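Residues annotated as region 'Disordered' in TrEMBL: 289-313. Feature annotation from TrEMBL assigns transmembrane segment to 24-44, 51-71, 77-97, 118-139, 145-163, 184-202, 214-234, 246-266.
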Amino acid sequence: KKGLLRLCGRARAGQGGHAYLREWLWWAGLLCMGVGEAANFAAYAFAPATLVTPLGALSVLVSAVLSSIFLNEQLNVHGKIGCILSILGSTVMVIHAPQEEEVSSLESMAEKLKDPGFIVFAVCVLVSSLLLIFVAGPRYGQSNVLVYVLVCSAIGSLSVSCVKGLGIALKELFSGKPVLKEPLGWVLLVCLVICISIQINYLNKALDIFNTSVVTPIYYVLFTTAVMMCSAILFKEWQHMVLDNIIGSISGFLTIVSGIFLLHAFRDMPFTPNLLPLFLQPGRADRHQSCQHQPLLPSEDKGSQSAEEEEEE
């Protein structure tokens, strides 16, 4: 974001430009993002996707705090409450996360990729992404944050599947199996590069147009939803779950959505101390407390009032 803000007078990413590729600060941010994604890659290789993805809610909190410090983007009380709700919802989701069906080899991964349900899901993702890019993008991309973020989220669900397959391939490679001769591993690598390139392009457009504190949480919610759907279809994670875990997962996800709504819907609403109840406002608590113990009418006023009433009688 800092690199994008330095592109004064040049073609911005929001207008379809790629001048940020010549900005060293943008490349430094991309390198840091690559380190984080490498750690994500390792996590996806050894744990279920619906267990790893909710932990990304930490990025909502960290991004909101850092954007308020380095980008001077305001984070009001509603936004802070939204960040806390996102963390709590992610914790509940992790506790009740489904256990995916065991996939330990590229052969079993290939069988799952041939499943008709996943093929239909992948086709729907590709068609909807093309419609968003070529139809909705030119019309609403500059005014609606959901357009470009939806593209990143939908394509991101497919990239997680590619990462999962490549993680299995790397584990087999380290165990001495001839994985390099398998065409599926190379196909997954090419698909992953294409998906990540699309995500970076449209995420930069969204960050260039809208605030980081808005883009990051919305992207997290939509990305988590897409990954959960893709994992449920591809790995059949929800088939053997008990009712308690289903309710816990849904409740945690709805808590995250509620937090993101608070963070997004009230981002432009100023929250000043004057909006607090009187007993919570700084400097007025003592005055409010003294007013509570004060009689409605002073004693002298009461005496004069009773004298006037006697005279009238």
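FYI, residue positions are counted from 1 along the chain as it appears here.
Including glycine, each Cβ sits where the backbone N, Cα and C put it.
Counting Cβ pairs closer than 8 Å and at least 6 residues apart in sequence, the transmembrane segment (77-97) and the transmembrane segment (145-163) reach fewer than three and form no contact. The stretches the transmembrane segment (51-71) and the transmembrane segment (184-202) are not in mutual contact, being linked by fewer than three Cβ pairs under 8 Å (pairs 6 or more apart in sequence). Through the fold, the transmembrane segment (214-234) approaches residues 48-50, 53-54, 56-57, 59-60, 63-64, 82, 86, 98, 100, 112-113, 115, 117-118, 121, 125, 145-146, 149-150, 152-154, 156-158, 160-161, 203, 206-207, 253, 256-257, 259-260, 263-264, 267 of its own chain, all at least 6 residues removed from its boundaries and within a Cβ separation under 8 Å.
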